[in-house]
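A.B. asks: Feature list, courtesy of TrEMBL:
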type: SIGNAL; residues: 1-25; note: signal peptide
type: DOMAIN; residues: 24-130; note: domain 'Cadherin'
type: DOMAIN; residues: 131-237; note: domain 'Cadherin'
type: DOMAIN; residues: 238-342; note: domain 'Cadherin'
type: DOMAIN; residues: 343-447; note: domain 'Cadherin'
type: DOMAIN; residues: 448-557; note: domain 'Cadherin'
type: DOMAIN; residues: 572-668; note: domain 'Cadherin'
type: REGION; residues: 789-842; note: region 'Disordered'
type: REGION; residues: 886-931; note: region 'Disordered'
type: COMPBIAS; residues: 900-911; note: compositional bias 'Pro residues'
type: COMPBIAS; residues: 921-931; note: compositional bias 'Basic residues'
Amino acid sequence: MEKMSKLSFAKWPLWITSLLFCVTAADFRYSVPEETKTKYVIGSLSKDLNLDSNRLRIRKARLDYQEDKRYCEVDLDSGNLFVSERIDREMLCGTTSPCLMHFEFVLENPLELHNVVLEVQDINDNPPVFPKDSIKLEISEGAPTGSKLQIARARDLDVGMNSVQTYILSQNKHFVLDTKSNKDRYVDIVLKNSLDRETKGEHSFILSAVDGGNPPKSGTVVIEVFVIDVNDNAPLFSQPLYNTRLSENAVLGTSVIKIAAIDVDEGANGQVTYYINHLSDNTKELFKIDEKYGEISVIGQLDHEKASSYEMEVQAEDGGGQTGHCKIVIEIDDVNDNAPVISVKSLKNQIPENIPAGSEIAVINVKDQDSGENSRVSCSISTSLPFKLQPYIKSYFIITTTRSLDREQIENYNVTITATDGGTPPLFSNKTLNIQVSDINDNPPTFELQTYVVYISENNKPSTSVCSVSANDPDWRQNGTVLYSLVTSEVNGVPVSSFLSINGDTGVIHAVRSFDYEQFRNFTVKVVARDNGSPPLSSNVTVKVFITDENDNSPQILYPVLDGKSLMTEMVPKSTPSGSLVSKVIAVDADSGQNAWMSYQIVKSTDPGLFTIGLHSGEIKTQRDISESDSMKQNLVILVKDNGQPSLSTTCAVNLLISDNLSEVPELKDMTYEDNSKLSSYLIIALVCVSTFFLTFIILIVAVKFCHRRKPRLLFDGAVAVPSTYFSPNYAEVDGAGTLRSSYNYDAYLTTGSRTSDFKFVSSYNENTLPACGTLMKSDIDSNMLHQSDEGECTEQKPPNADWRFPPNQRPGPSGAGAHPDEAGASAGVIAGTRPWPNPPTEAEQFQALMVAANVSEATATLGPRYNPQYGPDYRQNVFIPGSTATLMANPQQQVPQQALPPPQALPPVEAPKAAQTPASKKKPTKKDKK
């Protein structure tokens, strides 16, 4: 290896605003012997160019060579230049010396271009070869000594010292070689001694050509010399050199040139034959000469790109062996027969959509094998594309971006490069580059709706599909894959995951549990749609869920009590006139809307024509005056039906006793005597039970006191005793416990031993019961604790004033006489009526009035605002006194006008602490208590 030249670089910065890479051009020359084995290392480009061999592969280092075979390659790991194919100097360069091969060493990022010149050194691999294996010559016997015979020289494809250096003539008596003559074209054989045809008419000897290789090689030719009569004139051409021009698109058979040599001899010595000496293999296939006429014609396809000129030697030989020679040079004119060739040197098949403007996309090379104006090329691409084609170095062009890209609009581009040469007519070629735009996560998911509104019926089955949300992400693959999830939140203090779940792939929202319209009516959740990009993008949407009511709650009877063990009998005075209010059925429905509208009807009665009931009010009134023939005991079966579809109903029994006094009832008189006979047995059993309960009570009271320290005050307190059986065990509380607690109930006891019965009012079982006027507030310290507000003063309920009674002088008529309660004006105050009571109310009448008032008050306080007067009939405004036309009315200042049912509102469940059960609540009532 020989490095012919080196280029020293001066280090100084180059600022190029439009192109961000550096190019260094330099010529490096190496030499290699021909026929060298493959993988032979010629030199180290990385060392000579001061390159980092580890970055050659990254920078896509390569050698570009314009011929079909590459012959040399660059080892990207070491940076060495090595032989990749067999190199034959004679095939590449012929007789041209030196034999040079030009390569382009290209580096990218930044782009560098280096010219590499490789000299192929000749080796002695070809022996000298004569044009003919034998040469026959004729010489006149009268030829003087010193005469010369010209023999065509031997041709050796090698050059330099490996070409023909010497000629050797075999020993003979008559001929020797002329050592002084120029042997570039001919070898002169000099006649040393005169010839005598009669002594010897034919002479034969061998001429050897020896080259200067090591070891040397040689070639021989047999020369036969015939001695004839005198032929002293050789053919003579008119000029030693002929020049001609020929177009490369010349058709076969086209005449190139016609030459002629003149021989003044006569006969056979004057007949001239033409030959072309030393034609290469390629030239033999292109030209031929007419041996008789000397005309050279085309027999093959010419190509200016392969050879721009041809040079040949023509020999004219007469019949006597005398020869003449001339040289012919044929110039091949170029025609525009080659279209430009576009080569892609570097290409980024995929580019991100956020690639900045001015970024390099591809490097191309455009060449035209024609010459002159035909080889000048121009390139262009469509101006509608976001790319620009710029010329760079020599025949290199680069493609850069001109603006930002958007994969969601265009996913790929077909960039067609058009190259046109300068010929006439011009030729062009196209090459299309397919550039894919890779996706980046630049688009968040987008929901189809801004807000989803969903309606679902209560009592739904778990896993029921509620709705489906859908979000679209125009990004590609994982950047466009949308996953759905619920935003962590709470609904009335309960995690939203306890209500709904969402399919992360499809966006279908399912109900986790069954909903109850009576607990809450609507809630809002947020759904997040997140793609799978990096980093992920997301968006959310609000889903409003409204629960629609179904008729799933039958009416609940508050009064009369549905417990068969209790003796609920209404006293109706015998003097009650027609149209008087004798009792009232109070019922509520936990549903809302028309599902909570109730109607009342009597389905069974002892005397069908005696009583009637209001269709919507539930008020039981007399249809006619009571007569002596009417049965004392009147049993009514009342059907309470709501307005749902289908409707639900409940029945209750109302027992009416037509009498002015309890003592007039025979069944009540006999009770005392029947019970006295079994009193002793009951007392013994009661004594044992009381003793057991007493011990238990002591233990429980200590535990209750301890627990009460940590529990907040309860919500409600009452001033009137109400039997615990007034509330259905299946009636739902506001706080969601399932049933009304016994701690909110009161028992009333009525003695039956005398004509003057008294009421015994028993206070609440739970000392922490919240008074009716109290307010429960949420603690700032603990969000789960409730405490009673101190605002305002609680005024205990006072007993009815005695002034509702009328003096005897204002009792004009019999008991029960008076106007209908509905005719009373609103200005009646606490007591509304047109006529005074004819007789003082009996003890039973007082008991019934107070029981109804307590029942309505307690039910309204316990069940909360759902049964507040603003949502339905306020039964507390119409507390009747059996056997009279008077009605206890509420304070007019507290009355609220009746209005239609409002739209349902979501009521968050409030967990009220459970009151400890005292032994008194567990105590079984004795028979005496029942009386």
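From the backbone N, Cα and C atoms, a Cβ is placed for every residue, glycine too.
Source: prediction; values computed, not measured.
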A.B. asks: Could you give me three numbers for the domain 'Cadherin' (448-557), the DSSP helix, strand and coil residue counts?
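C.D. replies: Helix (H, G, I), strand (E, B), coil: 7 helix, 52 strand, 51 coil.
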A.B. asks: What average pLDDT is reported by the model for the domain 'Cadherin' (343-447)?
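C.D. replies: Averaged over the domain 'Cadherin' (343-447), per-residue pLDDT gives 92.
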A.B. asks: Determine how many residues of the domain 'Cadherin' (238-342) DSSP places in helix, in strand and in coil.
C.D. replies: 8 helix, 47 strand, 50 coil
A.B. asks: Of the residues in the domain 'Cadherin' (24-130), how many are helix, strand and coil by DSSP?
C.D. replies: 12 helix, 41 strand, 54 coil
